[in-house]
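Data block below; observations after.
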Amino acid sequence: MPPPLQAQRLLLSHRRLPSPHRRRFTAVSSLPSAPAKTVAAAAAHAPSSILSIRESLLSGERTAAEITAEYLSRLRRTEPSVRSFIHVADAAAEREAEELDRRIATEGLDAVGPLAGVLVGVKDNLCTANMPSTGGSRILDGYQPAYDATAVRRLREAGAIVVGKTNLDEFGMGSTTEGSGFQVTTNPWDDSRVPGGSSGGSASAVSARQCVVSLGSDTGGSVRQPASFCGVVGLKPTYGRVSRFGLMAYASSLDVVGCFGSSVVDTATILSVIAGHDKMDSTSSSHDVSDYKSELVPLDLLESKPLNGMRIGIIQETLGEGVETGVISSIKDAASHLEQLGSVVEEVSLPSFSLGLPAYYILASSEASSNLSRYDGIRYGRQVSGDDLNELYGGSRANGLGHEVKMRILMGTYALSAGYYDAYYKRAQQVRTLVKKSFKEALERYDILVSPAAPSAAYKIGEKINDPLAMYAGDTMTVNVNLAGLPALVVPCGFVEGGSAGLPVGLQMIGSPFSEGNLLRIGHIFEQTLQNYSFVPPLLAES
């Protein structure tokens with residue numbers, strides 16, 4: 001895999017490469033072999049928190065108020081060290097839970113939605129009518145929208161309780177959450193390490209069980225990389241599967257609203273609620289929405305080889321130079337486990353894969369330079385007074401926007417400027433077409449493709465903040481999926497050394513457009529049958 005600078009040169013002198021090379025994947029797993037006749041002997045798998053809450057309310061074992069109090073207590077205990085939330089709406093959550101209990105008492109559980117009593121964290125670049133929405137930027141400090149984003153509205157209508165707004169890199173531009181204008185979020189597995197980004201607050205909150213599930217956004221890996229770093233399940237849907245209405249735009253042709261859960265079942269449940277056409281978003285798809293949870297097969301009903309006949313391609317370019325040895329080992333062990341479940345796993349080469357990273361940063365920065373022009377200090381947000389309009393604009397943006405955002409705006413403006421458009425933006429769009437074609441051809445031969453979600457596990461806070469190229473290279477595994485508009489699911493699959501209990505590694509599963517149901521089914525089988533692992537961070541184990 002070429003390093004970022006070499007890949008950038010390749011972008012400007014791309015040539016067609018030979019047909020994809022394929023070879024049968026083989027690996028010696030360090031894990032015990034699965035039982036030959038049944039997979040039901042696997043270790044205890046990730047339980048569904050949503051299902052548990054539903055059953056508790058149905059049986060009367062616990063009330064919504066008691067469940068809310070439990071999560072808020074854990075949030076208050078862990079938040080000083082984790083710092084997942086920019087804003088916590090604890091009083092509002094308690095009121096909503098009490099109102100929910102009254103409705104259940106008078107009308108029954110059928111009168112409330114499928115997410116009744118489920119506490120949700122919402123990334124702070126998604127608008128919420130009753131609490132601040134800053135995008136992680138000081139330029140929007142104190143801004144409170146008049147409406148909910150469509151994904152948030154649908155969660156509320158299903159009975160969910162929004163507990164607060166989670167931290168992020170400013171306007172989604174970053175991979176560590178160090179780029180927030182407010183605070184640095186830490187990783188529950190090791191508070192000296194980053195949770196990933198830009199949806200680091202949402203991933204960290206679910207990992208620390210401060211909320212049941214959370215919403216994030218994914219422009220180039222901002223759901224999947226934090227899911228890997230924090231040991232949770234993260235889903236990036238197909239472009240258009242979930243409405244972007246109410247999502248603060250970064251790169252409109254790449255932005256997708258995604259979700260986090262501590263299990264595949266919880267993630268599937270959330271997707272069923274937020275997916276679907278929305279007249280407020282012209283790019284949202286009218287493709288049918290399944291009840292994804294109902295399509296998942298429980299462990300005790302699985303066949304001995306539940307993935308029999310399935311073909312899985314492991315992307316060759318994601319297991320080479322620049323990827324940590326421990327990550328490669330974990331992914332190969334995961335591939336061996338998929339083989340034990342009956343699938344055929346082969347390596348497949350995607351020749352254009354290394355070109356995706358520089359193309360992505362040109363396209364995303366170009367779109368950002370246009371989208372972020374709205375933050376001028378006039379209509380909303382922080383305003384710095386000036387003697388004339390240009391001085392007001394310049395002062396407001398200089399004081400309100402962070403370093404990374406300014407840098408990407410400048411990069412994008414340069415790429416779109418006269419004399420450079422063809423060399424950068426147009427060429428990046430051509431590479432995007434090649435990336436789409438490469439994935440389409442591979443997914444015609446394989447049911448899904450797999451890769452690491454990131455080339456490393458979580459690294460130290462401050463380790464890469466002064467080396468943007470190194471930080472950008474961390475998106476190598478994920479940006480191509482956004483360029484192609486495909487769905488991808490990340491499930492925890494192993495550990496590498498680090499911290500007091502190891503650091504989690506995530507397996508990325510990539511599917512054809514609108515194949516979220518298939519990805520969730522495979523991910524659920526993988527999650528249930530993975531042995532000898534528990535993805536509960538030390539922060540919770542100690543308490």
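Backbone N, Cα and C atoms are what each Cβ position is placed from, and that goes for glycine too.
Curation does not apply to TrEMBL; its annotations are automatic.
Database features (TrEMBL):
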- K123: active site, charge relay system (ACT_SITE)
- S198: active site, charge relay system (ACT_SITE)
- S222: active site, acyl-ester intermediate (ACT_SITE)
- 66-520: domain 'Amidase' (DOMAIN)
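The highest number of surrounding Cβ atoms within 10 Å, among the active-site residues S198, S222, is found at S222. Neighbour count (other Cβ atoms within 10 Å of the Cβ, all protein chains): 36 for K123 (active site, charge relay system). The distance from the Cα of S198 (active site, charge relay system) to the Cα of S222 (active site, acyl-ester intermediate) comes to 5 Å. Of the recorded residues, S222 (active site, acyl-ester intermediate) and K123 (active site, charge relay system) place their C-alpha atoms 11 Å from one another.
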